[in-house]
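Below is one structure, written out as structure tokens; comments come after it.
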Amino acid sequence: MGKVEDFEEHNKNSNQDIEKNVGNRRRSNSNTINDQNENINKNKAIVTKKSFIMNLLRNKEKTKVEQNDDNIVENMNERKNSLKDMSLISDNVEKDNKVKKKNSYLKNLNILGKTKSIEFSFPSNILNNARKNIQEIDEESPLTSNSLRTYKEGISEDNRQNQRNADNNSLNWSTSNINTECNSEFSNIEVKVLKTEKSNSVKLKDNIIDIPNDKNKKELQEINIKNTNKDSYKNLYLKVRNSISFNDNIKIDDENKNDKNNIIDNYNNYDDINSSNEITIDGLNHDDNIKKIDNINNFDNKHDDNLQDHHQNHVHHTFRSSRKSLGNIKSNNTNIKLNNDKNFDTNINKRSILEKYFYDIWKRNITIKKEIYSLSSKNPPNPLKSTFADACQNESSEKELLKKIPLKFNDDSIESLYVLNLNNWISSRMIIIGIVMLILSFIIWPLTTWSLKTSTWGRETYIIILFHTLMAINTLILIFFIIIGSTELCKYSECMSYVLFSLMVALWGLWNIAIGLTLEYNPNLSEMPTTTYELEMIYVLTYIYGFLPLVIIDIFFPSRTKYNWIIHLIFIFLNSSSIILVGSAKPDFVPEIYVVFRILAYTTLCIFLYIGSYTSELQIRYVFYNLLVAGYKLDKIESDMKNKTSNKKISTGIEDLINMLKECTKVILELENETDTNFNVHTKTSYCSNILEQCLSTLTKSDNLYNIDYNVLENPENKKFIEAYVSKSKSNFAGEEVPKGVDFKLNKSFSNNDCISTDKVDLDKKQIKKFLKQINISQLTKMIQFIDNKLLSDWDFNCLTYFDESEYPFFDINLSLICTIDHNIPINIIINFLCFVEKQYNNVPYHNTIHATMVTQKFFCLAKKLGIYDDLEYKIKLVMFISGICHDIGHPGYNNLFFVNSLHPLSIIYNDISVLENYHASITFKILQLNQCNILKNFSEKDFRMMRSYIIELILSTDMKHHFEIISKFRIRRENEDFDYIKNSDDLLILTKMIIKSADISHGSVSWSEHYCWCQRVLSEFYTQGDEELKNKMPLSPLCDRTKHNEVCKSQITFLKFVVMPLFEELSHIDNNKFIKSFCLKRLNSNCIMWDTLMKEEKTIEVYDPAAVKLKDKKKKKVDKKKKSYIDLTLFFIKNVSD
């Protein structure tokens, strides 16, 4: 141990000296490259994979550090002397060299904390070859500072750590294509093993080892290391594990450089290390010009058996690589893998097919079909469903459910369903029975044939022919079993099973009779064994093909006893006849008592099997019925839950309060009649207490009890779109970061718009009256075409089409509508009113005269269809007409949110509350203030006040912000017992609000072509507003972003389902004619499906182009010049309101 410690001390001293020498070598730059290579050859050879790879990766390090020859020689001599003094080193070691193999090459990258190395001996002649290669390499690329640093780190390691880590360094480290993009390719390398035999001449034999597959290859593979950079260090650490340095302890004998035979002579030194390996790495390219070859020596002491076999041999491992060979390796591996995977997948496919086949058979055995009481969305309800539902609720006794003899459900629908399921169950079992009995037949057939030939029947050919004929027929029957179970014939499985089993039992019963009659009985004892064999054969065939079908039909098949008794009777009759005939013909062979016992046995077995079948069928029927009832109840619960979820309305806080109070009242009423005061009273009072707490929570959580709860919506996107439609008057600045460039003082961008402007013209009442005188009423009256009431009350009346075809469509439709009201208003006042109303509508894509006319027509139509129009007073009808035609008068094509965000004067006047709706009502009564246009001037002041309030309420109700509030109020009133819109004016008002709102958004309930056109128009307005908002650096309003055009379909579906449908659904509750359900809601659902189809097909939704329409209008004939006298009163009204 002392010598070992001295050796370690020498190593440490040597390391210190080397550190000093390295510093000197860095300062020494005077020696040439040739001197450096010469000194290295004399003293030591150092090659590290670390230094090589670092040079390869770091192209910037082009400065070459020269070596100080004198210091290297001096240090290596000291090292050699210290080793010579050690007694642990044998004399043979003096002839060898020390080889250090290190695991780290990336210390400079801060990846490894320590550099571990192992040390072992090799013959000098091996190192000679390595040094020769190193010389050639160094002539091209001299040693760098990295290599010297690696040498210093390698010799500074503890020898004990080196020895412990020796086993961890293997030949098979990966040097495959160092490309960080693919780590897996680094394991694909090949080793060429060159074995040398101990003989006078050395024989080399190439063995190619493919490491990934452990298969021999016939081609050499090469691996190129290139295209690496500094970012690849981390992956390089995973791919290259070894760096190698050579340490020479003695001078190299130049005479042994090319002497390969010295390898064999030096094998005596391998007793301690067992083998020597020479590894050549080829193909390391640098800048595609330098090719370096490192010959290194390594060993692996893990494989003891392999090392003992080659104890006397020198194994030469060559790693050859190139860029092209890597592809071959991958190809070969892939081919092997593909072949293996193909075979494996084929087996898996076959196995999966069989598994699926038998799984389907098993599934059919446990499945209960319920088609008889299932409902189809496309077909009308099955009448059997109601019958079965009634039977489910009337299951009070077994007598009412089942008829015991024969077993049968009293309800024909349940019996039909039971038979349907029987066929399903039996069909799967027929396949199994067919397969099993076929296998059994193929076993029995040759055995019975051999028995027949060796028995007394061998001389009678017709018996053998009959047997084979019956076996062939029996085989066909069994094959038919499989066919029935596997094809569409399975719906007749029960009937076919009875027929086939009856045929099988009858055939072998007749065979039993024939074979019994032809049996020759000879009392000679020598022939008794043969006769016994013959009887055994008869018994086997009788039980397998005669009695076994009975067992199957009674136990394995869920058959019905009212039919399978026939098979039992056939078996008893034929087999009893057989034994009776044999007993009569050969009484000596079959005594009478034996005949009696056999008949009793057959009869008893059949009776007990039948009783068992009856009991089993009874149990199956009860289980089937219970499962059927349970399934029906589960389906009903599931259906109720779906209906509850789908019908769950968007409720307001006030509705929740009312419902909770109703529930609380119901519980309190139940408590009044409660008898169990100990338990139920406490439970129900606690329940009421919880309800009241929820009421308090609802009352205090919001200042507006008509706010809706969006939590009922499952999809968050629906909430987003609903808020976009019903919250258009809320500023986008609330709670949000203020966009840059927005002026909060007064944004005049919209004020300067052509639609609404305060400084365009300055008109007064005198000028307006002057223009009114210019209206040629008589000429207009002649041009107007009146429309029939039936056409106006048709829901499919298309205003878009009519406006394209008629010259004065606005006057045609609206004058026809006002004429349906019994009034005494002069025609000239009506025409003047209509002229001013038409002129106040702007030429925008959606909110124009066409929309106003459509709403008025749909308002009239809905009132007629609901049956309330004829019950209304004429002044209420007139209110409906004025509200409908003026509900969007003066609409600029921008919504309330735009006015609020732009701080428009109208928004300031109306305090951001229903800006446009207030504006529409204001313009309406500005027109009615004109004596020549006031169609209400003949009413009393009281009626006028009432009508004015109604008109204002109806126009303001078209603000979508109040959409769900109005629906909630109507629902609350409708559910009240005293709801009466004829006697109660408040009920009438809320009802008319519902109708005008339905008319306002009625385009969702019309035909798809018309609905699609209206959607194109409203999109055009939305996007125009969005463009204006972007232009003025305002926040984009919902639905106005052109970049989100792909959301149109989804937004329309949400609008129809969650905004329009609740409105029509509430109206359907007062619709005795069922028009809403059969027409409006049906169209709504159909249009939703169309939008959903467009969304799935990703169809592009075209947007209405006003420019193209204007160009089209120019080509039309010019309108009457008198029509140009219509006055735009918008500016006048705004000016007066502002004053």
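The chain as shown is numbered from 1 upward.
Cβ atoms are placed via backbone N, Cα and C, with glycine included.
Here Swiss-Prot flags N524 as N-linked glycosylation site.
The feature nucleoside 3',5'-cyclic phosphate binding site is assigned by Swiss-Prot to H847, N848, T849, I850, H851, D888, D1000, Q1052. Annotation for N848 (nucleoside 3',5'-cyclic phosphate binding site): spatial neighbours Y841, N842, H891, criterion Cβ-Cβ under 8 Å with sequence separation of six or more. According to DSSP, N848 (nucleoside 3',5'-cyclic phosphate binding site) is assigned to coil rather than to any helix or strand.
There are 24 other Cβ atoms within 10 Å of the Cβ belonging to H847 (nucleoside 3',5'-cyclic phosphate binding site). Feature annotation from Swiss-Prot assigns active site, proton donor to H847.
For H851, H887, D888, D1000, the entry in Swiss-Prot reads divalent metal cation 1 binding site, with the evidence type sequence analysis. D888 (nucleoside 3',5'-cyclic phosphate binding site) falls within neither a helix nor a strand when secondary structure is assigned with DSSP, and so counts as coil. There are 25 other CB atoms within 10 A of the CB of D888 (nucleoside 3',5'-cyclic phosphate binding site), with all protein chains counted.
Cβ neighbour count for D1000 (nucleoside 3',5'-cyclic phosphate binding site): 21 (other Cβ atoms within 10 Å of its Cβ, all protein chains included).
Ranking the binding-site residues H851, H887 by C-beta neighbours within 10 Å puts H887 at the top. With a 10 A radius on its CB, Q1052 (nucleoside 3',5'-cyclic phosphate binding site) counts 25 other CB atoms from all the protein chains.
Taking the C-alpha positions, the distance from T849 (nucleoside 3',5'-cyclic phosphate binding site) to H887 (divalent metal cation 1 binding site) comes to 11 Å. Put simply, D1000 (nucleoside 3',5'-cyclic phosphate binding site) is 9 Å from H887 (divalent metal cation 1 binding site) when counted between their Cα atoms. Look at Q1052 (nucleoside 3',5'-cyclic phosphate binding site): DSSP puts it in a helix.
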